Amino acid sequence: MKIYNTYSRQLEDFQPIEPGKVKMYVCGPTVYNYIHVGNARSVVAFDLVRKYLEFRGFEVQYISNFTDVDDKIINGAKAANMTTTDFSERYIAAFYEDTDALNVKRASQNPKATEFIEAMIEFIQELVDKEFAYVSQGDVYFRVSKSKDYAKLANKNLADLLAGASGRTDEETKLKESPADFALWKSAKADEVSWQAPWGAGRPGWHIECSVMSTSLLGETIDIHGGGADLEFPHHTNEIAQSEAKTGQKFVNYWMHNGFVNVDGEKMSKSLGNFTTVHELLQVVNPQILRFFLATTHYRRPVNFTDDALTEAENNIKKIENAYRHLDEQAESNLSALTTFRNDFVAAMDEDFNIANGMTVFYDFVSWVNKGNGGPEVKEFFDQVLEILGIKFKFEQSLDSEIEAMIEARQLAREVRDFAKSDEIRDALKAQGIVLEDTKDGVRWHRE
């Protein structure tokens, strides 16, 4: 199995720290609003990675955090006349509701930043003691000048990174030794949530949170760290700097970054105002369709969010569902053909989780199933791919029985050449969104 490592910009053979086990950390949301489709891309992409690793037999310890203390949370809580805890818990609950609907497997743990404040203070103090960090009027900053290969993850020089960071480095530069230095601890402001630390009351900076939660729960070195491509700098760059300064060990063996969801050629983001929340979208779009749309493009590639793309996803799901509905578990099949499908799917996915190539194999498999191939082994592989994709079909047995009865009545009408009755039943089914197919093996049906 190979993974594209952002740090080296190369495909690398995947060798976990402990054979058969994977330690994986994915940056989660800052919980001040509903997640939008762009946020969901990262959640779904790494859910697919996790599920494929499990399919391949790995035991995955999967950690994804909630940032529940932040300027946006503080401001949102004030505007809503709520505590920061109640405000963030509202959107944590919404996150679970949205991601459950998208059939995302719950993380092994979803730590909250506020649960690790003491550990963050200890982490920062150690950096101060080692002179990797310094105190300035109650704030604590990391000395970037002491970090070896600081800009390597983003594959740029430091000057370029600072120029392209879209204001994210815009802190109180007058308190810093260098404009490149970043905050580990921010001194308390009036009417803001704060904690007591050796340098005075305050709260942690954004970057320290993930380093502390990752090393606390997974250890000093982990296998995979994932997140959106926009996190390469400064967030992941700073995570590496502060973590390796503290531990003296390599922080992450494989860095993975997903591509953006684009709208009219621009990244979907709250700052641009061109976003659609998952909460809103699921009022009008089946969660399966959104899941399929997000899951079936290779994770490193951008995806364009359009009505046509959702329609294409819906049509493809219908084809897959139709094949799955009519799969005969009692049928006999050429198992060597099934083995070829399975091996080809694994070969595609083993190349940096290339689901786009994997889907080409899967669509060929679906066509093969539609030709009458079935049996328990065929159903097992079908189920395994659906699990990786995060698709679950729920067939309403009572409704299915009613449809089958109408189909049988239509067949009897055809046998006695009562074509008017036959057409009447067909039209009645079509009005319910049921399309009939007359095949040499009998009548099959699927939903429009």
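Backbone N, Cα and C define each Cβ position, glycine as well.
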Inset, instruction - Give the range, chosen from 7-17, 29-39, 315-325, that Swiss-Prot lists as motif ''HIGH' region'. - result: 29-39
Legend entry - Annotated stretch (motif ''KMSKS' region', per Swiss-Prot) among the listed ranges 57-61, 207-211, 257-261, 267-271: 267-271
Legend entry - Distal contacts, the motif ''HIGH' region' (29-39) - CB-CB under 8 A, six or more residues away: 66-68, 70, 72-73, 76, 87-88, 91-92, 94-95, 98-99, 228, 260-261, 267-270, 275-281, 290, 294, 305
Legend entry - Beyond the flanks of the motif ''KMSKS' region' (267-271) by at least 6 residues, Cβ under 8 Å: 33, 36-38, 230, 260-261, 305
Inset, instruction - Could you check the binding-site residues CYS27, CYS210 and say which one's CB has the fewest neighbouring CB atoms inside 10 Å? - result: CYS27
Inset, instruction - Select one residue from HIS235, LYS270: among these binding-site residues, choose the one with the most other Cβ atoms within 10 Å of its Cβ. - result: HIS235
Inset, instruction - Please report how many Å separate the Cα atom of CYS210 (Zn(2+) binding site) from that of LYS270 (ATP binding site), as a whole number. - result: 22
Inset, instruction - Round to a whole number and give the Cα-to-Cα distance in Å for the pair HIS235 (Zn(2+) binding site) and LYS270 (ATP binding site). - result: 18
